[in-house]
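According to TrEMBL, the protein has these features:
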- A:29-250: domain '6-phosphofructo-2-kinase' (DOMAIN)
- A:Arg257, A:His258, A:Gly259, A:Glu260, A:Ser261, A:Glu262, A:Leu263, A:Asn264, A:Arg307: substrate binding site (BINDING)
- A:His258: active site, tele-phosphohistidine intermediate (ACT_SITE)
- A:Glu327: active site, proton donor/acceptor (ACT_SITE)
Amino acid sequence: MYHSQMELTQNPLEKIWVPWMSSRLRQRRGSSVPQFTNSPTMIVMVGLPARGKTYISKKLTRYLNWIGVPTKVFNVGQYRRDAVRTYKSYEFFCPDNEEAMKIRKACALAALKDVCCYFTQDHGQVAVFDATNTTRERREVILTFAKENGYKVFFVESLCDDPEIIGENIKQVKLSSPDYVNCDKEEAATDFLKRIDCYKLTYVPLDDDKDRNLSYIKIFNVGSRYLVNQVQDHIQSRIVYYLMNIHVTPRTIYLCRHGESELNLLGRIGGDSGLSSQGMKFAAALGTYIRGQYILDLKIWTSHMRRTIQTAEAIGVPYEQWKALNEIDAGVCEEMTYEEIQDHFPEEFALRDQDKYRYRYPKGESYEDLVQRLEPVIMELERQENVLVICHQAVMRCLLAYFLDKSADELPYLKCPLHTVMKLTPVAYGCEVESIFLNVEAVNTHRDRPMNVDVDRDPEDALLTVPEHN
Amino acid sequence: MPRELTQNRIQKIWIPSKDDKPSMPRTSHGGPHLANPPTVIVMVGLPARGKTYMSRKLTRYLNWIGIPTKVFNVGEYRREAVKHYSSYDFFKSDNEDAVKIRQQCALAALRDVKNYLTEEEGQVAVFDATNTTRERRDIILEFGAENGFKIFFIESVCEDPNVIACNILEVKVSCPDYQDCNKTDAVEDFKKRIECYRVNYQPLDPDQYDRNLSFIKVIDVGRRFLVNRIQDHIQSRIVYYLMNIHVQPRTIYLCRHGESQHNLQGRLGGDSGLSTRGRKFAGALAKFVEEQNLKDLKVWTSQLRRSIQTAEALNAPYEQWKALNEIDAGVCEEMTYEEVRERFPEEFALRDQDKYYYRYPSGESYQDLVQRVEPLIMELERQENVLVICHQAVMRCLLAYFLDKSADEMPYLKCPLHTVLKLTPVAYGCKVESISLNVEAVNTHRDRPEEVKRGPSTLIRRNSVTPLTSPEPNKKPRIEGLDDPIMREVTPAQLTLCSTSHTTLALSTQNLKKCSMECHEPPQLCL
């Protein structure tokens, strides 16, 4: 009996082996993606205004989505702005303002309702409930809601009493908020501080004793200390690890590819060739550029492939090699041109165009595999300060997608041309990006998605968007 | 002009060629290293709080990921100095003679720590003692500051009497101190011993006195953690590890897929299906699992057909992990060993020279495997009962982690087909039981060849991923002047003038390879 059970078929796109049982196709026992958790999870932010809750919410959401966990932020302040069109003053937030209290509670409940929809209808796995949630009462409401629906709850509380940090936060993100669009800076800052005072009156932090059975992390003073209680599962453990590695010290990340390689010139993918003469020129130009930036304590990372190491060599500064930064493995298609791939593996070529993110080369990798392989690199990038990463096209697309919050659909088509440095600077809730072409000509290696992605398409249709090469 | 690169033959790492003049320092010892400068992890806590358990487990993990780490257990120094343990009276705070001996033991251990970190290329030293007073911790902090070592405290706090009692029974009652006692007496005495320490115990104070120190407080066996001022990558990894381990009894089963078509032909790698005998094994495995009668068994496979086919027979949900795929043999994929020897004779020889570091052309090495598999180890620590159906090289990596085997031994660990290894955590280590499921299969094991010339071409990097067996604790620590009836107070400063102790025994179990003199400083490899 078990003989037929063990018959497998390989799904053509991702090359995942699944049982070949037409009647039992739905009941696949094997999961090809490790299960991080078995119930939807609500991450509930807790803390006074200007403690970095939205910053953490957005960053964490970006990270979870990037590693493949569908996550969404529900910012209650946004619901409030939709309900109360114009913001007048901090008085809205006084605890004795009964009318306002009703509106604020209704907004919280509306947000919870949307969380429910997100989990049940939109296949979300994690919802970040971004609000102050500073009273026990409000937290009880959330816990009851979660219990009724079978959701796990993990609290993230941010505590900070350093006036300088608070002042800086207010400047960076509050003064430009829609609430203060018609105020001058001084007025806005004063009003906001009074707003914080309103919350302080009723703020009850998570209690080590009374809340001993809840799962949470308390972050003190932007990460100098953490208190972690009752981590329940893998995803919560990963979240804690991530939160403990991020920091807010200003710094710059530079991403670029190796200089043009011999195989680039021939339009061949993968391999381990050296730099072409243009590539060497770029390496020298990169050295000049980097020195001109006068970066403090710059770390330089390369892959294990010759072309990135040669590029780093030209800078004349110590660098570290990461195997995890190696280019995507094209398996049986290594060192082929696109024309050759079309010739030898037309169906594979078409499947790749159908779903470039999930498509895995035979005996090779997919972008999805790349993201998993790059996750420790991202974690270390978060810990570091100024870093220059010299890598490859597909790898750079993955890293860029993380920093710029690009979806899996956009990721494989991000433009990462040769001889161009992307300079990333964290700012407010996101990342500023500057693209700097170092003025050394190179071939174009970017292949857009063609119109026709059918497996029976004509070769001309398939090769329409292939860039020129020798 | 950038220097020419050459690819080192065993590891296939690109490095600048030797004939070029190095124009500027290419690698620094100041690059982002995992543990540079060296770190001293200082355990803190009353007896029976799991300090030694954590020390040894952490050390095993750090060595496996390639960070040379060693435990220095002050209790062992004390047992060396005071041959016969009489009773808990030794630990009374007013027992002046004993207090002096205990202080000297701590200082001797610190001296060995210094030696390990400065002379023996150790990177992390775990100072396993109660360290329950501020006075003692201040001495250690001074020692760290003088020598440029980072200090990270791990405090274990627990007041659950059940946990304490369990610990005492599991590891204290059988300890050398109590070899002539019966259980009840041992337990009684140990409890009084704890009370002696409790009198002077000053826990780490995150709010005032210790607010600037780097530490983690592990509360109630991991229910809760307080983490203060993590300084660097290695401390962050240590914290993550400590937060993922647990002490629930559980079993880990490791086995390979059933015999495959390629196995029958003696071919490496590939993605073939099970042979007839392989299918028979899958059925036998299903029966075996059922007989084990476990609650909640997780089953993990790789993404290769043969391991999934094996899991399918179990009729239970399983998860596929790409990270569990067999080592990539690159250009040698699907060849037989004979074909490899014929087509790539040099590669064949190189692999036998250094099987751990050797990377197949366009493929992987065991060293790469360890890196690839590390997240799985972390997840295995979190889980309870798990059956991992994987492959020969991968299984060797996992086994080396659980059984504390060095990089040298790892590629030669015996992991035959159709055999399940059952691992049960016990006391400070892991019990392993090998269960053959009685289904014939080919033998795929290649022993280390007799005549192998060990080449000099392996580059060792301070932070490369090179599992080391955790070094044996010093059996005979030297403690200056203890035979002397007049016990002198020896401060750390004075200790630096003492003759150095010798810890040669530790090195024999470690796989430290030195660069040959022709090698220049190699680039640093990250994890």
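Placement of Cβ uses the backbone N, Cα and C atoms for every residue, glycine included.
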Requested in this report: Output, ordered by sequence, the same-chain residues six or more apart from A:Arg307 (substrate binding site) with a CB under 8 Å from its CB, or 'none'.
Outcome: A:His258, A:Gly259, A:Ser261, A:Asp272, A:Ser273, A:Gly274, A:Leu275, A:Gly279
Query raised in the report: C-alpha of A:Leu263 (substrate binding site) to C-alpha of the residue listed as 'active site, proton donor/acceptor': distance in Å?
Result: 13
Report summary line: All chains considered, the count of other Cβ atoms within 10 Å of the Cβ of A:Arg257 (substrate binding site) is 29
Requested in this report: May I have the list of same-chain residues other than A:Arg257, A:His258, A:Gly259, A:Glu260, A:Ser261, A:Glu262, A:Leu263, A:Asn264, A:Arg307 whose Cβ is within 8 Å of the Cβ centroid of the recorded substrate site, in sequence order?
Outcome: A:Ser273, A:Gly274, A:Leu275, A:Ser276, A:Gly279, A:Leu418
Query raised in the report: Rounded to an integer, what is the Cα-Cα distance in Å between A:Arg257 (substrate binding site) and the residue listed as 'active site, proton donor/acceptor'?
Result: 10
Query raised in the report: Taking each of the recorded positions A:His258, A:Gly259, A:Ser261, A:Leu263, A:Glu327 in turn and counting other Cβ atoms within 10 Å of its Cβ, which one has the fewest?
Result: A:Leu263
Report task. Compute the average pLDDT of the predicted model within the domain '6-phosphofructo-2-kinase' (A:29-250). Result -> 93
**Report entry** Maximum Cα-Cα separation (Å), residues A:Arg257, A:His258, A:Gly259, A:Glu260, A:Ser261, A:Glu262, A:Leu263, A:Asn264, A:Arg307 listed as binding substrate
**Finding:** 14
Query raised in the report: Tell me, by DSSP, whether A:Arg257 (substrate binding site) is helix, strand or coil?
Result: strand
